[in-house]
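Have a look at the structure below before the remarks.
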Amino acid sequence: MRFDGRGEGSLREVRITRNYIKHAEGSVLVEFGDTKVICTASVESSVPPFLRGKGTGWVTAEYSMLPRATHSRSPREAAKGKVGGRTHEIQRLIGRSLRAVVDMSLLGERSIIIDCDVIQADGGTRTASITGAYVALCDALQGLVAKGELSSLPIREAVAAVSVGIVGGVAVLDLNYVEDSAAEVDMNFVMTSSNRFVEVQGTAEAEPFTIEQMDAMRTLAVDGIKQLFQIQQAVLAR
């Protein structure tokens, strides 16, 4: 039993609220326990220079945190004049994850810009961002279909993500901040609804981990992501 009462294989309470931002083509507030992220999807009728004239689209992402999303204030990266390495890594991960499930040839020469803004951080902000951004992306693309700008939804399948780790020698799912800070191993899994992996990130913070521990974490992640797909599907069906 974990300190918050969850079992080793239990997600935190996950909620996804659609149409959270008035002006965005797609938007959600995604909550994994006390981690809260606003994800928006904006449609632009242009593509990066390397795609111009090729008749294909693009999906990319930006990620940021409010200065007081964490226990102590962090200066805005805009004030520093550059994007930090962690931020750059996370926003590239979000973009890759979403591009993995979009048929760019059906999107036409359009870009979908995903913005993930963490308003409260308690572990798992990148995995929550991916899971919520998928729903915002679906809403933005469905809007293009409804307006007749796309003939069909260019989504191949769903994508979601979750964290796992080894805490106190035990494999656990969906780590919060306290667990993440104490974890001997920290991993993130990104998967599609056809049970394929988009990305697996893992680091031993203390002792190296065994194949058996890796298998235990993978099993927890696969089961947890299946639950996230069900949540996404239920939210999109409303």
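Heads up, the Cβ atoms here are built off N, Cα and C, so glycines get one too.
Note that the coordinates shown come from a computational prediction; the quantities given were computed from them, not determined experimentally.
Binding of phosphate is annotated in Swiss-Prot for Gly124, Thr125, Arg126; the matching candidate from Arg76, Arg86, Arg156 at the same site is Arg86. Here the binding-site residues are Arg86, Arg126; the one with the fewest Cβ atoms within 10 Å of its Cβ is Arg86. According to its DSSP assignment, Gly124 (phosphate binding site) is coil. Those same-chain residues not listed among Arg86, Gly124, Thr125, Arg126 yet with C-beta within 8 angstroms of the centroid of the phosphate site C-beta atoms are Tyr63, Ile90, Val118, Ala121, Gly123, Thr127, Ala128, Ser129.
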